[in-house]
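As written in Swiss-Prot, here are the features:
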TRANSMEM  1-21  transmembrane segment
BINDING   Gly238, Pro239, Ser240, Gly241, Thr242, Gly243, Lys244, Ser245  ATP binding site
REGION    423-460  region 'Disordered'
Amino acid sequence: MGILWDSFLLLLVSTFALFLVRILLFKTGLIYMVKLWRRKIIDWFHVYQFYKVPEFNDNVQENHLYQKVYMYLNSLSSIENSDFTNLFTGKKSNEIILRLDRNQVVGDEFLGARVCWINGEDEDGARNFVLKIRKADKRRILGSYLQHIHTVSDELEQRNTELKLFINVGIDDHLNKKKKKNGRWRSIPFDHPCTFDNIAMETDLKNKVKSDLESFLKGKQYYNRLGRVWKRSYLLYGPSGTGKSSFVAAMANFLDYDVYDIDLSKVVDDSDLKMLLLQTRGKSVIVIEDLDRHLSTKSTAVNLSGILNFTDSILSSCTADERIMVFTMTGKEQIDPAMLRPGRVDVHIHFPLCDFTAFKTLANNYLGVKEHKLFSQVEGIFQNGASLSPAEIGELMIANRNSPTRALKHVINALQTDGDRRGTGRRLLLENGSRKSTSEDVSDDMSGSLCGGGGGSSPAVKEFRKLYGLLRIKSSRKSGSFDVAREMRDG
C-alpha cells in the first residue's frame, strides 16, 4: 500500500512539474528557443537548396518574378508569425496591412512540403528574395510551386486596380551604388479624378484622341507585323494652366496605366535617362513635363535630341511594350521640326487658352450650370479677343462655387480686365509701328536726296527684304511640321 501511495505522489508531483514547465514555456521566450532548436536539429538531417530572386537583372531592368513573389508573400497569413513585420494603414482607415521586413523569414507549405522565404538585402543594397527548399522536395514541387506563385499573384493583381505614380529620385554620391542597384523609382498611389468626361476640350478632338488610344490598345499584333515597338508618343503644347497635366491624368485613367513622371533636374545625363527608362514597366504613361523650360535653363545635362532619340532608337525595343510617352511644352516654335518628326513624336496636340466652348464645359463641371443669362455676355467678351487659361477660370469658379451668378460675374470682370490689357497692348504696338514707319519714310527721303536716288538699295528696303526672308523661313518651317491635332480639327 505504501508503494502505491508513493507512486501516486510521484506521478502527482511529476504532472504538476510538467504543468509548471508548460506555463513557464508559454509565458516566456523559452518556447521560441525550443522551437528554434527543434528546427535546427531537423535541418541537420536535411540538405537544402537556395534560390535567389533579385529585384533587377544584370541589365538593371526589373525582374518581374520579384514583383510576383513580393505580392504572393505579402498575401500569406503566415507572415504574422515572422519575427519582425511592418504594419501599414490600408486604403480604409481601419484596415491594417502587414509587410515583411528586411532579412526576415516567412514560411509556406505546398503539396505537403515546407519552404521558407527570406527577404534579403545584399551589402550594396540590392533587394532580393531567397527561397529555401529541401533537395528531396525540389524535383517534386519546385516547378509547380513557382507556377502557383504566378497564378496567385496574377489574381491579386487583377483584384488590385490601384494605379501608381512613379517618381524618379536623384543620385547622391554616398548612395550612388546603392540607388542604382535598388532602382531610381519610388511609387505612390495615383488617384487623380480627371477623366475624358470632365476635361475641358473640344468634343471632336477628345473623341479622336480616345479613338487613337483605343486603336493603340488593340494594336499589339499590328505593331508586331510592322516590326515596330508597341508604343506611341504625344506632344502637348500650350500656355501654362491650359490643362496639359490634367489631360495626362485622363489618359492614364482611360488606359488604366501607371504613370512615370520624369524630373529632368534629377537626371545626370542622357545615359542616366536611358537607364531610368529601361527600369519602367509596360502598360505605363511616361511623362516629361515642361521640356522646353528644362532645356532653356540648362538645369540638366540632358538634351532634346537625346530624349527624342530614345523613342525611335534600337534601345527602345529593349524596354517593355505597351507604353505611351508624353512630352509637354509651352510652345514648339523654337524647336527644330526635325526633332519632332513622325516616328519620334506621333501626335501633336495644341492646348490654347480658354474659349467659350471650353468655358461652358468648365461652368458645367465646376458650377453645375449648363445655361445662364450671363453666358451671352461671356461669349461676347470672348469674341472680342479676351481670354484666360482654364486654370484661372476654374479657380474663380471654385472660390465662388456656392453662387454661380457671382462666379460668372467674377469671370466676366477678369475677362474684361484681360481684354483691356490686350487692347492697350495693341494700341501701343500700332503707335510704335506708325512712329517707326514715319521715321523710315523720313530716312528714305533723306537717303534719296543725298544719294541721288537708288531707293532700292536704301537701308529701309534692305531691312524689309531681310524681314521678308525671315518670314518666309518661318513660314516654310511651320508648313513642314507634323501636327495631328490640326489634322484632327480639319478632319
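Indices start at 1 and increase along the chain as displayed.
Here the Cβ of each residue, glycine as well, is placed from N, Cα and C on the backbone.
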Listed in sequence order, residues with CB under 8 A of Gly243 (ATP binding site) and six or more positions away: Ile199, Ala200, Met201, Phe351, Pro390, Ala391
For the binding-site residues Pro239, Gly241, the one whose C-beta sees the most other C-beta atoms within 10 angstroms: Gly241
The one of Ser240, Thr242, Ser245 whose CB sees the fewest other CB atoms within 10 Å, among these binding-site residues: Ser240
Other same-chain residues whose Cβ falls within 8 Å of the Cβ centroid of Gly238, Pro239, Ser240, Gly241, Thr242, Gly243, Lys244, Ser245, the recorded ATP site, in sequence order: Thr328, Phe351, Ser389, Pro390, Ala391
Assigned conformation of Lys244 (ATP binding site) - DSSP reduced to three states: helix
Intrachain C-beta neighbours of Gly238 (ATP binding site), sequence separation six or more, cut-off 8 angstroms: Lys244, Thr330, Gly331, His350, Phe351, Pro352, Leu353
